[in-house]
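First comes the structure, then the notes that go with it.
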């Protein structure tokens with residue numbers, strides 16, 4: 001440590017003009033190729049010239065694995081890889097010097113803890129194989145640096161890890177896993193703390209969850225991201241959500257997380273999921289979109305890659321579930337810069353309509369206005385003015401083996417865009433680096449030793465909590481994943497931004513911020529219909545007025561009357577010819593009962609013609625069921641009587657059966673029906689539902705302000721009362737005018753006209769005020785139709801005008 005301190009003191013110019021003095025000093029120390037020995041997962045770097053006492057500096061090596069290029073020489077700058085390296089190096093500088101300008105827990109750390117931090121970067125080239133190769137080399141010999149990594153910073157999908165290492169954000173395929181297993185004899189515990197990988201690791205194909213026992217991350221996994229998504233749906237009042245996802249580890253894990261959150265936390269939200277293959281054909285996408293359409297949901301969440309977005313949205317528009325102002329699409333961060341990448345579309349084209357009002361949900365390191373986030377941004381922007389700092393960053397940029405395609409990182413680091421903003425990764429990387437540093441020093445302070453393993457370091461990382469640039473850092477001790485309620489999520493709304501008179505592009509507007517477990521509105525969210533009103537989560541209710549036409553109703557009632565007349569005629573005929581043998585053999589009492597039953601069934605038509613009456617609704621089943629039972633029980637009883645007579649006649653027995661004897665079964669059947677009908681009427685009676693009732697139920701579902709609607713409902717009641725008072729006033733005026741007319745004096749006529757005129761003027765003003773209250777009260781109803789019938793001001797004016805004329 002003494003040698004490192006002297007080295008720093010000998011560089012006053014560098015210290016005064018750079019933000020990385022300690023890291024530059026460590027670089028100079030290592031450039032002299034000093035002896036390095038390993039103590040646990042730390043490195044002891046010996047220094048001291050000839051004849052001088054050797055001094056040891058304890059270094060914790062944190063290599064940075066991330067794609068800097070695509071493997072073909074072209075730089076990969078989309079996600080902020082370069083800014084992430086600068087932020088990680090800045091965090092190490094703050095740890096080395098005890099700089100608490102961003103994280104207060106770092107204050108005085110350099111005085112309490114002898115551990116110093118160093119880094120180097122390695123290009124994974126968007127390749128899993130390259131990531132695995134670098135991991136093997138790092139564990140073998142520090143990839144040529146001679147330093148053993150205590151932890152690895154990496155967030156891409158192409159890097160690999162084993163169960164005895166802690167790697168940040170890793171996805172590994174079976175071949176990479178076997179490759180790493182072959183080198184297991186040369187490897188020891190390496191802990192990791194992720195800043196970008198959100199997939200659920202235990203769901204990766206062919207890889208058991210136990211392989212990631214030392215994996216941690218400062219970004220929530222997709223299960224956690226599901227919580228802010230469904231919290232936003234709940235805040236909007238959305239109860240039905242369809243999810244379209246890629247059939248891969250990322251998509252399946254995210255969709256499972258959404259289902260799990262809906263089952264355990266947001267139990268009032270119904271989820272349906274549909275998948276599409278990674279290499280989906282147009283027909284496969286068409287089938288998936290058709291499945292979405294059949295749900296009749298109006299909210300969709302897409303977990304789909306950029307390469308599929310355009311085809312999915314074009315098909316969704318063709319099938320009528322996008323770009324129609326009714327259906328609403330949100331996307332995960334896999335959506336990327338599909339809409340805001342600078343492309344424009346012809347105004348009114350299918351894609352322009354489909355993208356309008358869409359949004360993206362993503363985890364963020366912060367937003368402008370957050371103190372620590374802004375402090376990090378200011379610090380990174382200040383680096384651009386320091387040639388020494390830019391030179392240092394260029395010096396730790398990835399190097400490549402001989403024969404590799406040349407990659408010139410200075411094209412970006414010396415350009416105008418470098419460090420202009422924090423980028424996507426910088427806040428998470430800064431916090432990941434700080435968490436490892438605080439955990440290492442806490443482990444030293446509690447044990448008093450400098451020999452600890454990756455497992456011990458990882459255990460301390462899980463229990464390290466502090467206020468970072470991306471919010472409060474809290475990791476789940478069981479999974480190593482960040483608690484989603486401590487993270488920040490942003491909802492970005494894509495709104496049209498006209499390019500010219502014929503074409504339109506889209507700009508992203510941050511509308512809502514998920515912070516401390518709840519959403520906070522930054523700007524109103526504009527939906528696909530161009531308004532900020534939250535659309536319904538189901539299609540608009542369509543009232544089908546399938547009413548009976550007057551002509552058909554007349555025919556029905558005429559036939560009903562005919563049946564009743566014929567039944568009464570049958571009873572009269574039976575009564576008149578009751579003494580005839582054929583009538584007596586047919587048992588007149590049962591013939592009359594059959595006619596009575598038919599009459600009751602015919603009367604069941606009459607209540608069906610009456611609208612708006614609950615009694616009429618319930619009368620229909622009473623008349624039909626009792627009439628049917630009476631008719632067929634009479635037939636049954638009549639048949640039973642004949643059967644009994646014939647059976648006894650066959651036995652030469654005399655039998656006397658009265659009507660009372662054979663009516664018992666009929667009365668029993670009637671009693672059963674009456675009991676059922678009484679229970680039906682008492683428990684769940686039929687009720688009349690008019691058009692106004694249906695609209696009121698719809699408004700109750702879609703209204704987002706029940707308090708104001710209830711208050712405005714009182715205005716309607718007051719309006720009806722005021723209307724009644726006005727009508728009474730009109731009647732009184734009418735009486736006065738009739739009485740005064742008899743006096744036949746011009747003076748009295750003039751007085752009456754004046755009174756009526758002032759009364760009419762007063763009524764006009766009152767009715768105008770009341771009509772405004774009515775308009776406000778029913779504004780939440782569809783089609784601006786009032787909930788009750790209220791006489792308008794024009795009708796009141798007409799009444800008064802007629803009175804004046806008659807006066």
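Just so you know, glycine gets a Cβ as well, placed from its N, Cα and C.
Looking at 589-610, 699-720, 721-742, the range tied to transmembrane segment in TrEMBL is 589-610.
Within the listed segments 508-529, 662-683, 750-771, TrEMBL records transmembrane segment for the stretch 662-683.
For the ranges 462-481, 482-501, 622-641, the feature annotated in TrEMBL as transmembrane segment maps to 622-641. Summarised by DSSP class, the composition of the domain 'G-protein coupled receptors family 3 profile' (550-694) is 117 helix, 0 strand, 28 coil.
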